[in-house]
Amino acid sequence: MSTIIDVYAREVLDSRGNPTVEVEVYTESGAFGRAIVPSGASTGEHEAVELRDGDKSRYLGKGVMNAVNNVNEAIAPEIVGFDVTDQAGIDRAMIELDGTPNKGKLGANAILGVSMAVAHAAADFVGLPLYRYLGGFNAKQLPTPMMNIINGGSHADNNVDFQEFMILPVGAPTFKESIRMGAEVFHALKAVLHDKGLNTAVGDEGGFAPNLGSNREALEVIIEAIEKAGYKAGENVFLGMDVASSEFYNKETGKYDLAGEGRTGLTSAEMVDFYEELCKDFPIISIEDGLDENDWDGHKLLTERIGDKVQLVGDDLFVTNTQKLAEGIEKGISNSILIKVNQIGTLTETFEAIEMAKRAGYTAVVSHRSGETEDATIADIAVATNAGQIKTGSMSRTDRIAKYNQLLRIEDELGEIAVYDGIKSFYNIKR
């Protein structure tokens, strides 16, 4: 047993230059843990509350000193004296201290920072890497990376409606080789865009952010890059999209407006038709948030039409929340959940969501946020839970590469027992 003797939070910066919460946990044994909380740009309305100060004279209102003070003045006195390995007990104590259904009193960013830092300190105490401490002896599966190489929507200042266009190097024999394949396609895409006279600046998640004629054109240039890198689309490398359709859903009309394509007033059925057409023309294996988070009828139709052959990921739809996920499972909506630790606010609840998804035959994709830091906790979570997939950005920006590098270290440490399933990680669709 190692008792927590101090918890301290401070305000630091994320990859967008916005403040976020960093937490440190100290124990009587000398074990120590530190974690930094990520932040999203396109957020679901049902997510746990990220507490911002709202003081426009400081960081344009985005300061997090209220959350920092909640850690130092409210949470710290509550959990000092706890055994650092009592993760569930500590998380439960913070949830009860907050007392709201969405962590709106203390802030999910305050609670999560402590939850993750506690896990790091506990792993340090028992002398295990974080993935092994959290996942036990069976933690050995490296995730298939979903690499966001073209950014649009809320993640870029361009005219592309869909938020992310991803490559999935499912044909690689190991995680290390999947990273190599992804990097080669990324560099090939830069050359393709350059040759077309298009911008090669990158967006929030490290992908290129050119102005393109349509969402279809984004897929076309990625196919060209895959082939230029010497791979076969639909064999070595598949495509994925995070549509983030809530960002262009018109609540007043109940329709979808693809402004970048000049197509407005699309119904849910017309959006489903569009996705089905794209999936016939391109090797798309995963679509995230294809309809608005509250358009459950649209999600149901999409699942019925292509859910047997395409992974349909619920992000804003489920917000890493077991109640939302249970409802989706009961109604047969989507077949996968995106896992974002700050959507729910504790590691315990995060692990519960992953477990529920797997029991129901849904896949689970561990994910970063657009506002990230050097913290690589999600890499360890992906291996600890044998999630099978991770979405953590492109092949540029250190805040993204930090997660890939941590996974490379883990694979190296696991040695011969490391598993990389590639295409088999999409176990609930026909491929």
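Think of each number as a place in line: the chain as shown, counted from 1.
Glycine residues also receive a Cβ, built from the backbone N, Cα and C atoms like all the rest.
Annotation source Swiss-Prot lists active site, proton donor at Glu205, citing sequence analysis. Taking all protein chains in view, 31 other C-beta atoms sit within 10 angstroms of the C-beta of Glu205 (active site, proton donor).
Take the CB of Lys340 (active site, proton acceptor) and look out to 10 A: across all protein chains shown you find 26 other CB atoms. Look at Swiss-Prot and you will find Lys340 tagged as active site, proton acceptor, backed by sequence analysis.
Annotated (2R)-2-phosphoglycerate binding site per Swiss-Prot: Gln163, Lys340, Arg369, Ser370, Lys391, in sequence order, evidence recorded as sequence analysis. In the three-state DSSP scheme, Gln163 ((2R)-2-phosphoglycerate binding site) falls into the coil class. Cβ neighbour count for Gln163 ((2R)-2-phosphoglycerate binding site): 29 (other Cβ atoms within 10 Å of its Cβ, all protein chains included).
Swiss-Prot lists Asp242, Glu288, Asp315 with the feature Mg(2+) binding site, giving sequence analysis as the kind of evidence. The Cβ of Glu288 (Mg(2+) binding site) has 28 neighbouring Cβ atoms from other residues within 10 Å, across all protein chains displayed.
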Original post:
Cα within 10 Å of Ser370 ((2R)-2-phosphoglycerate binding site): which of the recorded positions Glu205, Glu288, Asp315, Lys340 qualify?
Top reply: Glu205
Subject >> Cα distance (Å, whole number) from Asp242 (Mg(2+) binding site) to Gln163 ((2R)-2-phosphoglycerate binding site) >> reply: 6
**OP:** Filter the recorded positions Glu205, Lys340, Arg369, Lys391 down to the ones within 10 angstroms of Asp315 (Mg(2+) binding site), Cα to Cα, kept in sequence order.
**Re:** Lys340
Original post:
Using the Cβ centroid of Asp242, Glu288, Asp315 as the reference point for the Mg(2+) site, which residues of the same chain not in that list have Cβ within 8 Å?
Top reply: Gln163, Glu164, Met241, Val243, Ala244, Ile287, Asp289, Val313, Asp316, Leu338, Lys391
Original post:
Among Gln163, Lys340, Arg369, Ser370, Lys391, recorded (2R)-2-phosphoglycerate binders, what is the largest CA to CA distance in Å?
Top reply: 17
Original post:
Which three-state DSSP class does Arg369 ((2R)-2-phosphoglycerate binding site) fall into?
Top reply: coil
Subject >> Using Cα positions only, nearest of the recorded positions to Glu205 (active site, proton donor) (Asp242, Glu288, Lys340, Arg369) >> reply: Arg369
